[in-house]
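Novice: Just lifted these from Swiss-Prot, have a look:
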type	residues	note
BINDING	Cys144, Cys147, Cys197, Cys200	Zn(2+) 1 binding site
BINDING	Cys161, Cys164, Cys183, Cys186	Zn(2+) 2 binding site
DOMAIN	4-69	domain 'J'
REPEAT	144-151	repeat 'CXXCXGXG motif'
REPEAT	161-168	repeat 'CXXCXGXG motif'
REPEAT	183-190	repeat 'CXXCXGXG motif'
REPEAT	197-204	repeat 'CXXCXGXG motif'
ZN_FING	131-209	zinc finger
Amino acid sequence: MTIDYYETLSVERDADQGTIKKAYRKLAMKYHPDRNQGDKEAETLFKECTEAYEVLRDESKRRIYDTYGHEGLKNNGQRDTGGAGDIFSHFGDLFGFGGGGGRSQARRNGPIEGNDLRYDVSISFMESIQGVSKEVKLSRRETCWTCEGTGSRPGYQPQTCPTCNGRGQVLRSQGFFQVSTTCPECEGEGQVIKEPCNDCHGEGLVKKTKTVAIKIPAGVDTGARMRLRGEGEGGRRGGPSGDLFVIVHVSSHEFFERDGDTIYCRLPVSMTTAALGDTVDVPTVHGKKNLKIPAGSQSGERFTLRGEGVPSLRGRGNGDMVVELHVETPTGLCEEQKKMLRDFHSFCEEHGQHEKTKGFFAKLFDEVLGKNK
């Protein structure tokens, strides 16, 4: 659906540039993302009023729009308002940073995006499998809304730096050469603040503590990086806030190990269970499951439980769980138990049930003795 640019800014069709700028400034500050975090409607309204201002502030585009409407702009290739950087660039004009000095000065004196922040969060192994929401307290610098990020007291504007004349660079003579260096007066800003804001002391930012909700999806692993847009440091001069990068660290588990979407575990079973076979309960990350152990199973044998592994972050279902048997040798036997085992061993000897073991050692001894001859 197309929008009427004049209605969007609530101005008449014959409004002058001062009226248009004032109307946009009022709406832009009202719907600015930093003031309406998480509000999708405000974000949409902010983009719409910015699109309208992009056209109406330019007399050439405005004439085309007044004559031919949106189709005229589209056919002339002038409706593209660019990315987020272009959207926020209009704030430079609104706050009095435009004009003179070329493109580099416009960038230097225009909106400044806030710094990105990093936060390391630790979660348990089971939280990484099931997903979890965490609330963390962040101490960060946010846009000072008293001065709207300019750093100057309300009613005042930064002044052109007298040392570099707004260029942000000064020339230094070194022998026969002249070297361009950052202006020490304005520190490369091109402007100096004569009347600093009482709240931010000229920084354009104030330090605040905020609680941020972090939703960690099921299936994350150590090193996973999540990006929360707009949750970094606040911007200056109408620039957007930076982003918050959350780095996940998953604790190890005493029973489960993970490799990709596959979970491994070592299941201790008794000697009789391994010899006779049985159906046992196996703990998985999704609950208790039955595992049928065939008679004669050996230590180190592996069994796969399909779909009992880690949920895929790409939505491809769960990985598998691999169970490795660990046959436990009984300890602390009484004399009667030892006698029973000796009798059992003798019975196996008589009936040739240890032939595999005998054959293995016989082959090994022959190989070793043969080499020593």
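Cβ coordinates are placed from backbone N, Cα and C, and glycine is handled just like the others.
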Novice: If you measure Cys183 (Zn(2+) 2 binding site) to Cys197 (Zn(2+) 1 binding site) at Cα, how many Å is it?
Specialist: 22
Novice: Determine which residues of the chain contact the repeat 'CXXCXGXG motif' (144-151) at the Cβ level, with the cut-off under 8 Å and only residues 6 or more beyond its ends counted.
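Specialist: Distant Cβ neighbours of the repeat 'CXXCXGXG motif' (144-151) are 29, 35, 95, 157-158, 193, 196-200, 202-206, 234-239.
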Novice: Go through Cys147, Cys164, Cys197, Cys200, our binding-site residues, and report the one whose Cβ sees the most other Cβ atoms within 10 Å.
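Specialist: When each Cβ's neighbours within 10 Å are tallied, Cys147 tops the list.
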Novice: Taking Cys144, Cys161, Cys186 as the binding-site residues to compare, which has the smallest set of other Cβ atoms within 10 Å?
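Specialist: Fewest other Cβ atoms within 10 Å, among the binding-site residues Cys144, Cys161, Cys186, is found for Cys161.
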Novice: On a C-alpha basis, identify the one among Cys161, Cys164, Cys186 that is nearest to Cys144 (Zn(2+) 1 binding site); the candidates are the binding-site residues.
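Specialist: Comparing Cα positions, the candidate nearest Cys144 (Zn(2+) 1 binding site) turns out to be Cys186.
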Novice: Report, in whole Å, the straight Cα-to-Cα distance of Cys161 (Zn(2+) 2 binding site) from Cys200 (Zn(2+) 1 binding site).
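Specialist: The Cα atom of Cys200 (Zn(2+) 1 binding site) is 20 Å away from the Cα atom of Cys161 (Zn(2+) 2 binding site).
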Novice: If you average the pLDDT over the repeat 'CXXCXGXG motif' (161-168), what number do you get?
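Specialist: Residues in the repeat 'CXXCXGXG motif' (161-168) carry a mean pLDDT of 88 in this prediction.
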Novice: Taking the mean position of the Cβ atoms of Cys144, Cys147, Cys197, Cys200 as the Zn(2+) 1 site, which residues outside that list, in the same chain, have a Cβ no more than 8 Å away, listed in sequence order?
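Specialist: Going along the sequence, the neighbours appear as Trp145, Thr146, Glu148, Gly149, Thr150, Gly151, Ser152, Pro196, Asn198, Asp199, His201, Gly202, Glu203, Gly204, Leu205, Val206.
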Novice: Roughly how many Å lie between the Cα atoms of Cys186 (Zn(2+) 2 binding site) and Cys147 (Zn(2+) 1 binding site), rounded to a whole value?
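Specialist: Roughly 19 Å, rounded to the nearest whole number.
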Novice: So if I draw a 10 Å sphere around the Cβ of Cys183 (Zn(2+) 2 binding site), how many other Cβ atoms end up inside it?
Specialist: 20
Novice: List the Cα distance (Å, whole number) between Cys164 (Zn(2+) 2 binding site) and Cys147 (Zn(2+) 1 binding site).
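Specialist: It is 25 Å, counting Cα to Cα.
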Novice: Looking only at the repeat 'CXXCXGXG motif' (197-204), how are its residues distributed among DSSP helix, strand and coil?
Specialist: 0 helix, 0 strand, 8 coil
Novice: Can you give me the Cα-Cα distance between Cys197 (Zn(2+) 1 binding site) and Cys161 (Zn(2+) 2 binding site) in Å, rounded to a whole number?
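Specialist: Their Cα atoms are separated by 18 Å.
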Novice: In terms of DSSP three-state secondary structure, what is the assignment for Cys183 (Zn(2+) 2 binding site)?
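Specialist: It is coil.
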Novice: Just to verify a number: CA distance, Cys161 (Zn(2+) 2 binding site) to Cys147 (Zn(2+) 1 binding site), in angstrom, no decimals.
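Specialist: So the alpha carbons of Cys161 (Zn(2+) 2 binding site) and Cys147 (Zn(2+) 1 binding site) sit roughly 20 Å from each other.
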